[in-house]
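Peer 1: Let me give you the structure first, and then I'll get to my questions.
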Amino acid sequence: MNHILINIPAEPAQQEVAIGLLSEIATGFEQQDDRILAYIEEGSVSHEDVTEILRGFSYSTEVIGARNWNAEWEKNFPPVIVNDFVAVRAHFHEPIKSVKHELVITPKMSFGTGHHATTWQVMQAMETVDFKDKTVFDFGTGTGVLAILAEKLGAASVLAIDNDPWSIENAEENCERNGCTRVEVKLSSVLPEAGQYDVIIANINRNVLLQHVDQLARINVPGGYLLLSGLLVEDRPVIEEAYSEKGYEPHRYTEKNGWISLGFVNKL
């Protein structure tokens, strides 16, 4: 099947806006420092509709023929290594024996391979969090890589949700490939009504994280941990203020390539 590649020059903050606008019609995204590449199945949407959706953005398009995606990922996405803690590789890469944990994924078109600074930082932060026998909620799981790592770190159970059917299929495949038995992958954009989670991971974006402050606080146990990313450096003050008002105490901050991750402890 052919795809239409939409090439949108944009700074990181505007990339998030473009992703939000195209999320209902795109099958996948590739974020680069100065642009976002969106892939849409040929014939699934008209040129006029794309023009209307992307009002205010300049962009170019080209038809991408059917490809051997494994070969594409192998060429463009080398293994990701986070210190000596964890490595993320595809099945066609050689095993990486210099790390404590190795994740093998088939990335396809889902977000969250570890190449983006946000996913990398969350994995780095997870080394400092106690997952042993903990309940974990992964909000916006993408490839499932963070949920898989949580199980490998000893989590008793992990609920991983995403609103993208492609991501759910990919996450389920990756969980199976890594032998996960305690990760439940669910297609949903709605947070659980019930349940209490010791650790919550949300690598999404500023708007979604601000929208769901109350819900995330409600399902996080007192003394629990909240790990947020998908944020730019300039997002830090508003996110810290919003979550501090709900009883969270800032615990950890990292920055990489203009993107940040924030860790909080629930003091309520």
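Positions of Cβ are set from backbone N, Cα and C atoms, glycine also.
Annotations in TrEMBL come from automatic prediction, not curation.
Note that this is a predicted model, so its numbers are computed, not measured.
What TrEMBL records for this protein is below:
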| type | residues | note |
| --- | --- | --- |
| BINDING | T119, G140, D162, N203 | S-adenosyl-L-methionine binding site |
Peer 1: Find the longest CA to CA distance in the recorded S-adenosyl-L-methionine-binding set T119, G140, D162, N203; express it in Å as a whole number.
Peer 2: 15
Peer 1: In which DSSP state, out of helix, strand and coil, do we find D162 (S-adenosyl-L-methionine binding site)?
Peer 2: strand
Peer 1: Hey, does DSSP put T119 (S-adenosyl-L-methionine binding site) in a helix, a strand, or just coil?
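Peer 2: Going by the DSSP assignment, T119 (S-adenosyl-L-methionine binding site) falls within a helical segment, counted as helix.
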Peer 1: For D162 (S-adenosyl-L-methionine binding site), which residues of its chain lie six or more apart in sequence with Cβ-Cβ distance below 8 Å?
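Peer 2: D162 (S-adenosyl-L-methionine binding site) has long-range Cβ partners G140, T141, G142, I168, A171, V185, L187, S188.
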Peer 1: In DSSP terms, helix, strand or coil for N203 (S-adenosyl-L-methionine binding site)?
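Peer 2: DSSP assigns N203 (S-adenosyl-L-methionine binding site) to strand.
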